[in-house]
Structures are given as structure tokens and as C-alpha cells.
């Protein structure tokens, strides 16, 4: 594998897609948004009436991604992480956003009621970070602040440096 695989995860609205797309452009990696992949391939196993969203068929997503992941150079963006095989990722970044920023971002996406409250609570209780820590080796899981454009720039620089170092060390 000539290039690393990276997982960007975190509560919806923390900035995974913005970071992932820009990072892919800067580093020459392939960006995959699992939500978009599922939509295109109809990789669902039902519909959640309470949250008004489709239910991801995790096994079909893994089947869909397996070949790409073995080649390397992939940035995966998804708000969950415990179903991806541990062997896929060289590093995992959990983006974190302060609740006031997150609330506004989710509200502007049309989140309301239980869906809005549960996503805010998910961030408060570090649910995704804990899921990542239980799913991957502790030393590859890193939290990054994602509140401001300055945070985005800093994260892009930091991850780009990490990718360059990984490529030097592994090629």
C-alpha cells in the first residue's frame, strides 16, 4: 500500500465532509462519503421512522468498499465507525465541535426535535470518540477541534503533514 487510509468520523455537522473533500484535493487521496455511497448504491436495510432516515446496511457497505480500501489512499467519511474493519485504517480522526456551533449547523440542515437533541447529546457525551477508542488501537485515534475556519486550516495542515510522513516511512 503506497498511501494511507484515513477515517474521518464524528457527530453529524462537525465538518467531516468539508475537511475530507479538501484533504483529498490537497493530498491526492480518494474521498468517500459513506452516506453518498449508500444513497447511490441503495445500501439500506430499511427506514427509521423516528429519525426520518434510511438504515444503513453495514455489511453491504463493507462489501462495496473492500477492494478500494485494500489499494490504499482512501479517506472515509461517516458518523459511525464501529462496523468498519480495524485493518482498513492507518489513522482515525474524530472531529469535535462545541455545542453552540453544532446546534446551529444541525438546525440549518433541518434537524429538529429528537434527532437534533440526540445528536447534540451524542457530542456532549463523546459517543463517537468512545466508539472509535473501542474499535481501533488507541494510538491511531485522535480528536480534532472543528469549530472555526482556523481549526479547519490547522487540521488540514496537521493531517497533510501526517500523510507526507506516513508515505516517507512506508515507501
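Cβ coordinates come from backbone N, Cα and C, glycine included.
What TrEMBL records for 13, 15, 16, 17, 18, 109 is ATP binding site. Annotation comment: TrEMBL describes 33-56 as region 'NMPbind'. Marked as region 'LID' by TrEMBL: 108-118.
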Number of other Cβ atoms within 10 Å of the Cβ of residue 16 (ATP binding site) across all protein chains: 26
For the region 'LID' (108-118), sequence-distant contacts whose Cβ falls under 8 Å of one of its Cβ atoms, 6 or more beyond its ends: 12-13, 50-52
Cβ neighbours of residue 109 (ATP binding site) where a neighbour is any other Cβ within 10 Å: 13
Cβ within 8 Å of the mean position of the Cβ atoms of 13, 15, 16, 17, 18, 109: remaining residues of the chain near ATP: 12, 14, 19, 105
Cβ contacts of residue 13 (ATP binding site) (under 8 Å, same chain, 6 or more positions away): 97, 102, 105, 106, 109, 111, 119
Set of same-chain residues at least 6 away whose C-beta sits under 8 angstroms from residue 15 (ATP binding site): 95, 97, 146, 152
Structural state census, the region 'NMPbind' (33-56) (DSSP three-state): 8 helix, 10 strand, 6 coil
